[in-house]
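The domain 'Cadherin' feature in TrEMBL is assigned to 77-133, 134-242, 243-347, 348-451, 452-561, 576-671. The transmembrane segment annotation in TrEMBL covers 688-711. What TrEMBL records for 776-798 is region 'Disordered'.
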Amino acid sequence: MEAGGLCCPRQRQVLFLVLFGGVYLAGSGFGQYSVTEETERGSFVVNLAKDLGLGDQELVARGARVVFDDNEHHLFLDSHTGDLLTNEQLDREKLCGSTEPCMLYFQILMNNPFQIYRAELRVRDINDHSPVFQNKEIVLKILENTAEGTSFRLERAQDSDGGLNGIQNYTINPNSFFYVKISDSDEDMIYPELVLDKALDREKQQELGLTLTALDGGSPPRSGTATIRIVILDINDNAPKFSQAIYHTQAPENSQVGSIIAKVSAEDVDSGVYADISYSFFDASEDIRTTFQINSYSGEIILRMLLDFEIVKSYKINIQAVDGGGLSARCMVLVEVLDTNDNPPELIMSSLSNHVAENSPESILAVFKIKDRDSGENGKMLCYIQDNLPFLLRPSVENFYMLMTEGALDRESKAEYNVTITVTDLGSPRLKTEHNVTVMVSDVNDNAPAFTQTSYTLFVRENNSPALHIGSVSATDRDAGANAQVTYSLLPPQDPQLPLASLVSINADNGQLFALRALDYEALRVLEFGVGAVDRGSPALSSQALVRVLVLDANDNSPFVLYPLQNGSAACTELVPRAAEPGYLVSKVVAVDGDSGQNAWLSYQLLKATEPGLFSVWAHNGEVRTARLLSERDAAKHRLLVLVKDNGEPPLSASVTLHVLLVDGFSQPYLPLPEAAADAAQADPLTVYLVIALASVSSLFLFSVLAFIAVRLCRRNRAAWVGGCSVPEGHFPGHLVDVSGTGTLSHSYQYKVCLTGGSGTSEFKFLKPIVPNIQAQGPGSTSEENPTFRNSFGFTFQ
C-alpha cells in the first residue's frame, strides 16, 4: 500500500467506521443491566427473552450469544431459559479501578436474521476495601511562630471502593493545638488539612504526636489510620519557591525506562541549611510512585516503567520542595502521554462455522469484531481477505464483520479453502493482525457414478468352470463419503428370453463379473448385457455401461462325417474299374466340425487299407484316389479306414470305413460284397421288386438312347458297317453320351459309344471316358481295357 493511501488495489477492504446495510441493529439505545460485585458465579442478572420480547425457544433457534468489548466472558446466556447469569465473581476495583460508575459494554448477537443488541452492565460497588494511607507516619516540621489558623495539607488516604463506599471523612484524636478541616480538590476528591488552633512553643514542647483517621461511607464504615509526628522548629522565615506553579510536559508511550520526563526547580533565599532544598512526591498515588521517581537533589522526574497510552493518558504529579529549615513549597507536573502505534489491531471471533454445504446459497461462516487500542490514525482499521476466493466480508455495526460465501460452492472443484482475514491500522508504521479460517465444503450428492469405459469387451473360453471370474467393470464417483460409495448390478436384458441371471453375476461392491455356468461357443458366441452403478446418496444417482462377453471357441467337437453315412445301414460300396489310371477318383469323404477357426480345419488320412499303396487320400479335401494302375492280381474287394482329424489342441478325430469293389467293366454284373449279400437276402421282397423295376426302366431308357444314336451315326456312313466299327474318333466329335455323376463320384463323365457289328451279343461298347485330369487310353483298346461305369441306379454296363 502506498503512503497516504486508504485502500489497496484488488483488495476487499472497508473502513471500520462505514456501516454496511443489510444487518438489523436492534434498539436505538443500550440495554442497561446491573449486578453487585463479588456475587457468586451463576447469579441471575436478567431474563433476556422477556426483556427483548422474544419467544421461549427463539434464543436457541437463533443461536443467541453474548460478546463483551474486552473479549472476556463475564456473563453467560442460558439459551433454554433465557436467563443471563454471571460467569464469575466480578471485582469492580479490578475491572474499573477508581472509575465510577463501573460499566461493562457488551453485545447480544443472534442469527436468522442476523441482529446485534447493544447492552451495558453496571457493576455496583460494595464496601470491601478499607482506606489505606501510603505512609503510616506523616512528619510535619512547623515553626514555632506559625500563626494560629495556618493550615497544613496532609496526604489523603486511598480507598479502592468508589462512590459512597469511598472516603467520606477524616478525624484526629482530641488535642489542644490542631484540628482537621476537610477540603475538596479539583478531582472531586476530599483531602484533609491540619489547622493550627493554638500557638506553639518549642521551648515547652518540641514534638507532638497525633493520629489521623480516614473513614469511608460504607455500612458499616471502614477506617484507616496514620500517625502525624509534628516537629516544632526554630524560625525559618523564607520558604522555597518553584519557578512555575504548573509544569507541562509530554512523553511518548514508547519512552525508554530511565529517561527523564521533566525537571522541576525551586529556590530559597535563606542561607545555610535553610537554603538546602530536597524534592519529593507529595500526596502521590501508588500508580504514580510505581511509574515515576524523582531525584531529591536535582528535581528530575525519571520514568520507572513503560507508559501505556491505552491505560493512562495523562498524569498529575504533585511535587514538594522542603528547605533545611522545614519550610516547603509545592508545584504540579502535568504529564501528557502521547500515543504511538504500538498496538496491532485485534480480531475477536464471536461465531465460526468451518463447514458449508456445497451448492448452498450465501451462508454466514463467521461473525467477528475488530478493535485497535490506539487512537487517531493509529486506531483506524482496514479489514480484508485475499482475492480470488468465493468469499466476501460484509461489515455490520459496532466494528462487527461477517465472513460469507459469495454463492454456491463446488466441493468437487475444491473441497477446502484457507481464508486469511487481515486487519491493518493506518498508523506509521502500519501494524496488522491475521486470522486464518479453514473452510471445509461438505459434500452433496450431485455427481452420478461414471464408468471408466462406456462399453467393456470381455473374453471367456467355452467350457469354463462355474463361478469363473471373467473380468471387472469400474465406476468412480467424484462425491465423497456415502455419496461416493458405488453399488453395481446387472440391468434387465432387452431380450426377455435371455436367462441372464443364470449366466453371469456381478459383485455389488467391486464390479467383478463371474460366469455362473459353463458357456458353449456353439450355442452362444456373444453375450451382451448392461450393468448399472448407483451411489448411496439421497437421492441416489446412477449410470450404465454395456458389457460384451465374447465366448472363445475350444476344441470340444470331433469331426462329423457326412459322407459316406455311418448310420448302421448297409455299407455303400464304391465301384472302380480295373482299367482306372492312377489318380482315378474313387470317392470323397465329406466331414464337418462344429468348432470354428483352426479347430474346424480338417485333414484326412488313410489309416488302414486292405492293400497298402493301392489307394491314397488327399489330406485337404478327403478325395480317395487310386495311387497306381490296377492289375489282375489286385483283390476285388478292398476296405479302407479313413481318419478325419481337426487342427485343435488337442486334436479330435473321427474315422470312416469305405468299401471299394474292383470290376472289369460296367457291363459286368455287380457282385455284392458278402456282407451286402447277406443283408440283401434279408431285405424286404418289396424292396427287391422295386430295385428290379427301377433297374429295368433305366436299362431300357439307356438302351433306347444308345440305339437311337447308333442308327443316326450308321446312316451317315454306311461303309463303316462293312469294315466293322473302326471309324476314327475324330469322325464323332459331337456325339457323346453324358452320364452325370449322380452316384458317389464328384464329377460328370462323357463316353464315346458306337454299336459294334458282327457281334453275337449285339451289346454296346464304351470306347473311352473323357475324364478331366485323367489321361485316356489310346485307340484300339480292347473291351477289357475300357473302364467300367456305374450309373446312378447302381447297375453296371460295358
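Backbone N, Cα and C atoms are what each Cβ position is placed from, and that goes for glycine too.
Caution: TrEMBL annotation is automatic and unverified by curators.
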Of the listed stretches 243-347, 348-451, 452-561, 576-671, which one has the most C-beta pairs under 8 A with the domain 'Cadherin' (77-133)?
348-451
Averaged pLDDT score, the domain 'Cadherin' (134-242):
87
DSSP helix, strand and coil counts for the domain 'Cadherin' (77-133)?
5 helix, 26 strand, 26 coil
For the domain 'Cadherin' (452-561), give the DSSP counts of helix residues, strand residues and coil residues.
8 helix, 49 strand, 53 coil
